[in-house]
Amino acid sequence: MDSFTVIILAIFLPFAAAIFIPLLEKFLKHRIGWFAAGIAFLSFALIGIVAPEIIHGHIIQHSIEWMPSIGAEFSIYADGLAMMIGFIASGIGVIIMSYSNGYMSHKEDLPRYYQYLLLFMGSMIGMVFAGNTLQLFIFWELTSITSFMLIGYWRDKPASIYGATKSLLLTAGGGLFMLAGFILLHTITGSYDIATILQNPAMIENIKAHPFFLITLILILIGAAAKSAQGPFYIWLPNAMEAPTPVSAFLHSATMVKAGIYLVARIHPIFSGTEAWFILVSGIGIFTMLLAGFLAFRQTDIKAILAYSTISQLAYMMTMYGYTSYHEPGLGVAAATFHLLNHATFKACLFLVAGIVAHEAATRDIRKLGGLRKDMPITFIIASIAALAMAGIPPLNGFLSKEMFYETSVEMGHILGGPFTFLIPAAAVLGGVFTFAYSIKLIDGIFLGEKHHDLLPEHIHEPPYTMLIPAAFLAGLVILFGLVPSIPIHNIIEPATAGIVLEEVHLHVKLWHGLTPALLMTVITFIAGLTIYTRYDSIAAWQDRFNVKYPRVSVNYYYDRIVDGAKGSAKGFANFAQPGSIKLYIYAILFLMVILFAIPAFMMATQVFPANLNFDIPLYEALILILMIIAAIAAATLHRYLAAVIALSAVGYFVSLVFIYLKAPDLALTQVLVETLSTIIFLLVIAKIPQTFKEKIPKTILARDLVISSAVAVTVLILLLNATQGIVSPFESLSYYFLENSVPLAGGHNVVNVILVDFRGYDTLGEISVLCLAALGVYNLIHSRGEGK
Amino acid sequence: MTTLITKTITKICIPLVILFSISLLLAGHNNPGGGFIGGVMFASVISLTYVVFGLKYIKSFFNPSWDKWFGFGLLLSSLTAFGAIVYGHNFFRSLIKFVEIPLYGEIELVSAALFDIGVYFVVIGTLLYIFKNVGEDE
């Protein structure tokens, strides 16, 4: 198997497995989660097969034809960056799906849960290995959609629905901006292929000098920021916490929210080394880092604290990827990439701990929790390791990447000069201080202090091993990466960084690297962090007061107003367009028909009533026509429903007689059948209603209806008179093509049928799909009628 | 509507109409007919029995879930369209094959016929599903 096939398998194996989950669930019952975890492990192993090749600096590239008409191929671009996120997505996937076996109750709809998880994992892996921007977009939106389904997993909770909708609107909506950016990129370069652009320095120079440069960058960054909950888009992530906790650990801390960061890293070589890149990327990063870190204080739900902390930590990465200069475009890349990996380990671990605590103590409210260290000592140790890593305490991995963050901040400050020499490092330290404070709050609030015996269950104990081991494994990684950084650095970070800066990279990361400015900044962080921690509750109280006083200073306020406003407008439009009276609909249809038929007929016909009409009608034809007219009059004037319906169907049967006379057996057959069927439907309906018309129809309405029906009749008459003579079609008729090619191309003598099932098979497929939807729609209309009002 | 005459005639009609609908479906490619007409014919005779004998009585011994019929039909039609991809052709490419059968002679196999069978099931399924639901509604 070549590497290309291996990666294709790693992407599509989860999709294929998701299809078989409902079937396998019949045999495996609640053990289906282990099957899902096994699939995740297979994907992880498959990426592992190609990893040595990538670590040695080889980029796996291959493509197959996909949409040749627009120049898009299905291609794989596997470099160190893709490999790293692929490893994170599948590796954390294994951990989460194992953990879920303990977390999810056996009464839950497990197949649906694991199907969504696998679909998400496949989309995520597919996105990072995508070698083509359109392909990247499709997988990107697939991750948004699967995230939507996972957040809304508990379908009957309004909060889940709200959170799911919000995340879909913002992340998938942001994806559309990204798509627009990709299309502009295609306009500039003429290519959707990522490798073509990355490996062509002249093309990159061309992009940077192009007038569309800024708008392209902004559009793509909107997509990235929305996905990674940066800037004003951060609001969806806290609401996404309504998802089951393993989902939050997987999607909303370790993987999906990293997609935006991944995108920034992916386009880094194209756009970095410019002022716009620094201002936009670092600007949004620093702003979000400080805002989200600060807002974490007033959260009381431990998952909400973790959500704000995730936003803030993602902003660290954003900031570092934004550090750039003409001489050193990739200043912060290594630090950001390392932090990305570290964050995936300690944050996923913290979420798993949050799940354990909620599972055992039945609450996630930090005001009620406390003193759990005696009841669950192992969980306490695991949580402390992860939280201290986030706070940046040596010798854990968070310390290393935070040191690198401080170092690059100092360098960036130097490069910019002026007040920025201090401002940039100061912002970094402030972000670190907030992180330190809420990290300590997590440990202190859950595990230390006194246990509130009145608020918590009496017997709290350690969770089952299926939940404990995945969390412990992640905590082990946190320590391992901290003590022996060379393992992740050489095998993952260096290849990933090389994939971003496009040249070979050698990093030296050590726990102790002398008395540097970064170390000094770390010391300041710890002292200031502890100081702020003593004032933690009063800061939170101040934020609460502020929020009550100025409710409009909030992005959520505007989000809700826009969404509610849109709902209101939609309702208004629906009331206008669908007033509910069938009579009005028929008027509208007939009015449009008269206009659309009559105007072109008058414009194109040489004369409205052709002169040389043939009045030489055979007797039996005249007889049929006279009977038809009598039946039509009867249908309009009879007072009993049954009689009127039969008169109406008589009209239809006479029409089919005309078809037979005109040698159109297909049409005649269809007409007879449809007529029969509609008569039966009428019979079904009128069996349930009074047999005669009761109310008297006013003369004015009768007159109006007469005018309308006469107008329609005259229009159709003129149209028919001119159909064969008078109107000259501006187009050549298609029928000749079908008549000539029906037998040689499709092997059928019945041209009508060949057109339906072969030449225009696409249309027919669409029509039968609509038919199925209509049937389901009727079902829903009938069965939902009693509900509501 | 539920006189002895209609009941007797309907009983005689059912097998004939169903056979005719199948023959319409199979003949469709070269002679008048096709999946749509065949399906409508099948649906009309079943709905006729619903009307004549009453939905409750028919359901007591013959109650297929029509939603499965249109689901199957849509699946069959879509798979026919996708089948071309498996053989390396474009989506929806049709295939004709002439097969010699001993004693009978040459018959023509077209992939479009499978598609038409899908249409047949969709038409039957949707129409009768709607009928049944409207009929059951109080």
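Cβ coordinates come from backbone N, Cα and C, glycine included.
From a predicted model like this one, the values you see are computed outputs, not experimental measurements.
Taken from TrEMBL as is:
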- A:66-114: domain 'NADH-Ubiquinone oxidoreductase (complex I) chain 5 N-terminal' (DOMAIN)
- A:75-101: transmembrane segment (TRANSMEM)
- A:113-131: transmembrane segment (TRANSMEM)
- A:130-416: domain 'NADH:quinone oxidoreductase/Mrp antiporter transmembrane' (DOMAIN)
- A:167-189: transmembrane segment (TRANSMEM)
- A:209-226: transmembrane segment (TRANSMEM)
- A:277-297: transmembrane segment (TRANSMEM)
- A:378-400: transmembrane segment (TRANSMEM)
- A:511-533: transmembrane segment (TRANSMEM)
- A:584-605: transmembrane segment (TRANSMEM)
- A:617-634: transmembrane segment (TRANSMEM)
- A:626-691: domain 'MrpA C-terminal/MbhD' (DOMAIN)
- A:641-662: transmembrane segment (TRANSMEM)
- A:704-782: domain 'MrpA C-terminal/MbhE' (DOMAIN)
- A:706-728: transmembrane segment (TRANSMEM)
- A:764-782: transmembrane segment (TRANSMEM)
Number of helical, extended and coil residues in the domain 'NADH-Ubiquinone oxidoreductase (complex I) chain 5 N-terminal' (A:66-114), per DSSP: 32 helix, 9 strand, 8 coil
Long-range Cβ neighbours of the transmembrane segment (A:209-226) (under 8 Å; 6 or more residues past either end): 140, 170-171, 173-182, 184-185, 187-188, 233, 259-261, 263-264, 267, 271, 274, 276-277, 280-281, 284, 318
Chain residues in Cβ proximity to the transmembrane segment (A:113-131) (below 8 Å; excluding those fewer than six residues from its ends, i.e. six or more beyond): 7, 10-15, 17-18, 21-22, 32-33, 35-36, 39-40, 43, 47, 61, 63, 73, 75-78, 81-82, 85-86, 89-90, 93, 96-97, 100, 104, 139-140, 142-143, 146-147, 149-150, 153, 193-195, 244, 247, 250-251, 255-256, 259, 262
Mean predicted confidence [pLDDT] for the domain 'MrpA C-terminal/MbhE' (A:704-782): 83
